[in-house]
Amino acid sequence: MMEKFRVIGSDKPLSGEVTISGAKNAALPILFASILAEEPVEVSNVPHLRDIDTTMELLKRLGAKVSRNGSVHVDGREINEFCAPYDLVKTMRASIWALGPLVARFGEGQVSLPGGCAIGARPVDLHIHGLEQLGATIVLEDGYVKASVDGRLKGAHIVMDKVSVGATITIMCAATLAEGTTVLDNSAREPEIVDTADFLNKLGAKISGAGTDTITIEGVERLGGGQHSVVADRIETGTFLVAAAVSGGKVVCRNTNAHLLEAALAKLEEAGAKVETGEGWISLDMTDRELKAVKIVTAPHPGFPTDMQAQFTLLNMMAKGSGVITETIFENRFMHIPELQRMGAKAEIEGNTAICGETEKLSGAQVMATDLRASASLVIAGCIAQGETIVDRIYHIDRGYDKIEDKLSALGANITRFSESN
């Protein structure tokens, strides 16, 4: 059965309040990092997502006791399997994050080569190279990455060949239990990395510099237990702010933080929105204001996030003037544009740039979700289009948005989930 969304568009603004979930991109590495802990950990503000369920199942396969009642509880004292098998990994690229913690704590680990969204080339080389520099032996065989080390990993000075969130997390986690100090240069600076470091430090790790491009990790002999609340999802926050902006509405996002998405907020203000922020909330008001096209260049944090690019493509399409969007992070990340063009959007793609603007109106159509963030832009487009939009393959959306239809409905959208046998 393939699940789909039916969205009935309207010219009524999307307005109201929305409670933002914890960030998937912090919750996942934190759950994998819990493999390092020799005592139970409790992680709260974890979003309800398929990738989270898969990760909990994977931890159980390794021998951990995992339960969820509000918070997620992980007790890794009895981990006795060191392999993340293909049947779980194939749907989720994040599984590579099991490798570093397994080899750091147990001296061995293997992970099937990963799957996930279809956005360009995303190799695991940087993860592998980092672990090798910490003293692990890596072999690739039968579709598995196998890591091993005699004794403990050894601290090292590592310069990342390119900025990678995933590899920064792998190396940082593995280095927590290494002998000696690791200095990680050219590390990624994303808030989710800071959150993972905060979690590890609560368990007894000695990590400093997370959020800068040099992270220092003094290895410790063991990690204990602890409690941690996952940082807010900045991309979900931005998605709902854009929904209000393109529909001429007013929305308040709760349980989130302005410092997480300063680049996107600056662009929303440039686009004509009134943005206000406070302790744990952000509001955007577009009532009776004109939407103006903005120039976007995606870049690693603290630059404009690639995961907000599709939403701002839609914003530019509906705005006055012409906006150029340049995608520097991933190749093949304009797959949402042909789908939006089916709804009547105006855009031209030239290489890694998209030029959009001055779309009079969108008309409902059958569209297909291709990757996680692009799919959200199709759903929002459906909310402001004339007529009915059917969004197919919404399992992409479910991988990263916690109950998006309930949250949009609360803002006045007419959206329902249905399934039909293919």
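Glycine too: its Cβ is placed from the backbone N, Cα and C atoms.
Feature annotations, reproduced from Swiss-Prot:
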| type | residues | note |
| --- | --- | --- |
| BINDING | Lys24, Asn25 | phosphoenolpyruvate binding site |
| BINDING | Arg93, Arg122, Pro123, Val124, Asp125, Leu126, Lys162, Val163, Ser164, Val165, Asp307, Ile329 | UDP-N-acetyl-alpha-D-glucosamine binding site |
| MOD_RES | Cys117 | 2-(S-cysteinyl)pyruvic acid O-phosphothioketal |
| ACT_SITE | Cys117 | active site, proton donor |
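Here the features listed in Swiss-Prot are painted onto the structure.
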{"residue": "Lys24", "record": "phosphoenolpyruvate binding site", "DSSP class": "helix"}
{"residue": "Arg93", "record": "UDP-N-acetyl-alpha-D-glucosamine binding site", "DSSP class": "helix"}
{"residue": "Pro123", "record": "UDP-N-acetyl-alpha-D-glucosamine binding site", "DSSP class": "coil"}
{"residue": "Lys162", "record": "UDP-N-acetyl-alpha-D-glucosamine binding site", "DSSP class": "coil"}
{"residue": "Asp307", "record": "UDP-N-acetyl-alpha-D-glucosamine binding site", "DSSP class": "helix"}
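For the pair Pro123 (UDP-N-acetyl-alpha-D-glucosamine binding site) and Lys24 (phosphoenolpyruvate binding site), the Cα-Cα distance reads 20 Å. The binding-site residues examined here are Arg93, Lys162; by Cβ neighbour count within 10 Å, the least packed of them is Lys162. With a cut-off of 8 Å between CB atoms and residues at least 6 apart in sequence, the same chain places Leu126, Ala188 near Ser164 (UDP-N-acetyl-alpha-D-glucosamine binding site), listed in sequence order. When the Cα atoms are compared, Asp307 (UDP-N-acetyl-alpha-D-glucosamine binding site) and Lys24 (phosphoenolpyruvate binding site) turn out to be 12 Å apart. Among the binding-site residues Arg93, Asp125, Lys162, the residue whose Cα lies closest in space to that of Lys24 (phosphoenolpyruvate binding site) is Arg93.
Remark: Asn25 (phosphoenolpyruvate binding site) has Val165, Glu190, Glu192, Asp233, Ile235 as non-local neighbours, by Cβ distance under 8 Å and separation of at least 6 in sequence. Sorted by the number of other CB atoms within 10 A, the binding-site residues Asp125, Asp307 start with Asp125, the lowest.
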